[in-house]
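Visitor: What TrEMBL records for 30-49, 61-82, 137-158, 221-241, 263-281, 293-312, 318-340, 352-374, 380-403 is transmembrane segment. Per TrEMBL, region 'Disordered' is recorded for 412-433.
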Amino acid sequence: LSQSLFALFASSLAISLVFAIIPLCHNVVILAVVMAVAGLAMGCIDTISNMQLVKIYQKDSAIFLQALHFFVGFGALLSPLIADPFLSDTNCILSNSTANASSNLPHIRKSLVPHHPGNLSHYDLPMKGMVVTRVSYAFWIMALINLPVPIAVFFLLYKERMVPCFNGSSHPLLSADELAMETRPVDKEELSTTGQRPHTAGGHNDLFSCCQSKNFRGASYTYFAVHITGALVLFMTDGIVGEYSGFVYSYAVEEPLSVVHKVAGYLPSLFWGFITLGRLISIPVSYRMKPATMVFINVVGVLITFLLLLIFSTSVVFLFVGTASLGLFLSSTFPSMLAYTEDILQYKGCATTVLVTGAGIGEMVLQLLVGSIIHDRGSYSFLVCGMIFGCLAFTFYALLVFFHRMYPKPCPDQDDASPDKAAVPDDTGQYQR
């Protein structure tokens, strides 16, 4: 826990620093390095937050994962709204030809589409002059908004007596968290035994224990199959989120739809808005419905939505309806898949790292793939790719269910003696394994 909290503190603080530095970068190489640091920090936060929720709350983790990912979608919806007032409709460099360049910008935007871009050589944009953009304020505001996060994590470290310089007498916060306790009663004899175990015992107590080869000895092939198929489902579904939000605008402004550019700009916001709404709805739903059922509904819903989008590909109204529907069905796939896979693997936390990594790779790779296909084959291939990815996601989910049925059930006696048991608090309120 201490390693995870320190990593969260460093990563969240790094994000604030990166957002403050970005407007000061006047070299593309420096900007690339700074953005790479931001990506590493966000990857750490994504993995650790999901992994710790799974390990602390175990069977109750589905609700907390849905809440976590609701705020992920809420942030993705809110941040463009914060940046929007600082974006300019005119050129950001002031010179004698600015007036002419400003009038050319709408024509340039119309010409800049992925498929067969027009000839832009006759447009004159000034490259030298006084910079008048205010977009720097958007980055600094985001840096300030994020700053309470590392402060809160540091406060949690202090309350848990994990900061070496500040070992005060404050009572730990987590001792009052009843959801982290085991639901079954614990014998005094067993409690005294667990109290004698050191914090750094073997097994999965270490942050990097999932990478140790000793944990894979004697594991059945279904153990690896569950990890791989779960990661492939998220590879496809998170890839769909990335490619749809990235290219739906480009698809809408081209023929046969030819949506007005300003109207087409609402499609990504609509998509993320319904992802956020779906995650909010999923918080109470996950309390009543099993994660496996939720993933099944999500994957089938994505498949049907893409099928209808292909059938009504000339309808602008259905494009908006389908975008909202796709956002709803994709919203809870990630947290539900985490909860389902960890439930199969007895909440050891290792699957979370594999699944988060698979989802991140999918979001990166499928955007590159779809972008190149749209450039070569036209805008209609955007929906065809989505349909193919949806079919693959359903196929991998069916394989996951198949391997789940073959996965050996844990013995109750072995489960009680396992070092991977849920944490129980000792008399001082500290968590022991």
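Backbone N, Cα and C define each Cβ position, glycine as well.
Automatic prediction, not curation, is the source of TrEMBL annotations.
Thinking about packing and proximity, how do these listed features fit into the structure?
Guide: When Cβ-Cβ distances below 8 Å are used as the criterion, the transmembrane segment (30-49) is approached by residues 4, 7-8, 10-12, 14-15, 18-19, 21-22, 68, 352-353, 356-357, 360 of the same chain, each at least six residues removed from its ends.
Tertiary neighbourhood of the transmembrane segment (61-82): same-chain residues 49-50, 53-54, 138, 141-142, 145, 269, 272-273, 275-276, 278-280, 282-283, 286-287, 291, 331-332, 334-336, 338-339, 342, 347, selected by CB-CB distance under 8 Å and a gap of 6+ residues from either end.
Sequence-distant contacts of the transmembrane segment (293-312) (same chain, six or more residues past either end, CB-CB distance under 8 Å): 233, 237, 240, 282, 285-286, 318-319, 322, 325-326, 328-333, 336-337, 340, 383-384, 386-387, 390-391, 393-394, 397.
Within the same chain, residues 222, 225-226, 229-230, 232-233, 236-237, 239-240, 243-244, 247-248, 250-251, 292, 295-296, 299-300, 302-303, 306-307, 309-310, 313, 341, 366, 369-370, 373-374 sit at least 6 positions outside the transmembrane segment (380-403) and bring their C-beta atoms closer than 8 Å to a C-beta of that stretch.
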Visitor: Using a Cβ distance cut-off of under 8 Å, indicate which of 221-241, 263-281, 318-340 has the most pairs with the transmembrane segment (352-374).
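Guide: Highest pair count goes to 221-241.
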Visitor: What residues elsewhere in the chain lie close to the transmembrane segment (263-281), defined as a C-beta under 8 angstroms and at least 6 residues from its ends?
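Guide: Distant contacts of the transmembrane segment (263-281): 66, 69-70, 72-74, 76-77, 80, 241, 244-245, 248-249, 252-253, 319-320, 323-332, 335.
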Visitor: Could you give the residue numbers and ranges of same-chain residues that sit at least 6 residues beyond the transmembrane segment (221-241) on either side and whose C-beta is under 8 angstroms from one of its C-beta atoms?
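Guide: Sequence-remote neighbours of the transmembrane segment (221-241) are 275, 295, 298-299, 302, 326, 330, 333-334, 337, 340-341, 344-345, 350-351, 354-355, 357-363, 365-367, 386, 389-390, 392-393, 396-397, 399-400, 403-404, 406-408.
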